[in-house]
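Heads up, the thing below is written out as structure tokens.
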Amino acid sequence: MKTSRLPIAIQQAVMRRLREKLAQANLKLGCNYPEPKLSYTQRGTSAGTAWLESYEIRLNPVLLLENSEAFIEEVVPHELAHLLVWKHFGRVAPHGKEWKWMMESVLGVPARRTHQFELQSVRRNTFPYRCKCQEHQLTVRRHNRVVRGEAVYRCVHCGEQLVAK
């Protein structure tokens, strides 16, 4: 999806949130970190990614359109926090104590590692697998690893190895 397909109001709301949280961080940290590059090129089930070396945030336009309010409130600060942590502390654990501190103490946003958005529209082909207690859907990548004998996956609930249906 090209940026031009995203309504301008949503793009403006994203920029407003990014600038608001960046200004808040700069004030609290006593720094003058620059505005990162922003693109809408993230694909798949990831809501966004922070590219440290290029100081860029890539957002998933499909998930943004489907979950605008929650996405703007949570994902934009989440990715910004990664860039700010990298600038402030250098290379550290992606969701470590520095990131949690940046999210909660500096940006004032709950530190959640994953989103809870519905993924049906962005999920690629999946393969059904079973265990004792339920059916699972494995991604193409995980399925291929099983087929090649490179990986074994287990159910987090019952611990049984997953087998193809």
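Quick reminder: no glycine exception, Cβ is built from N, Cα and C everywhere.
So that you can see what the record holds, here are the features copied from Swiss-Prot:
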type	residues	note
ACT_SITE	Glu79	active site
BINDING	His78, His82	Zn(2+) binding site
DOMAIN	22-163	domain 'SprT-like'
Set of same-chain residues at least 6 away whose C-beta sits under 8 angstroms from His82 (Zn(2+) binding site):
Ala50, Leu52, Pro94, Trp99
Taking helix as H, G and I and strand as E and B in DSSP, count the residues of the domain 'SprT-like' (22-163) in helix, strand and coil.
54 helix, 24 strand, 64 coil
His78 (Zn(2+) binding site) has how many other Cβ neighbours within 10 Å of its own Cβ?
26
Quick one: give me the count of other CB atoms within 10 A of the CB of Glu79 (active site).
23
Mind looking up the mean pLDDT for the domain 'SprT-like' (22-163) in the predicted model?
91
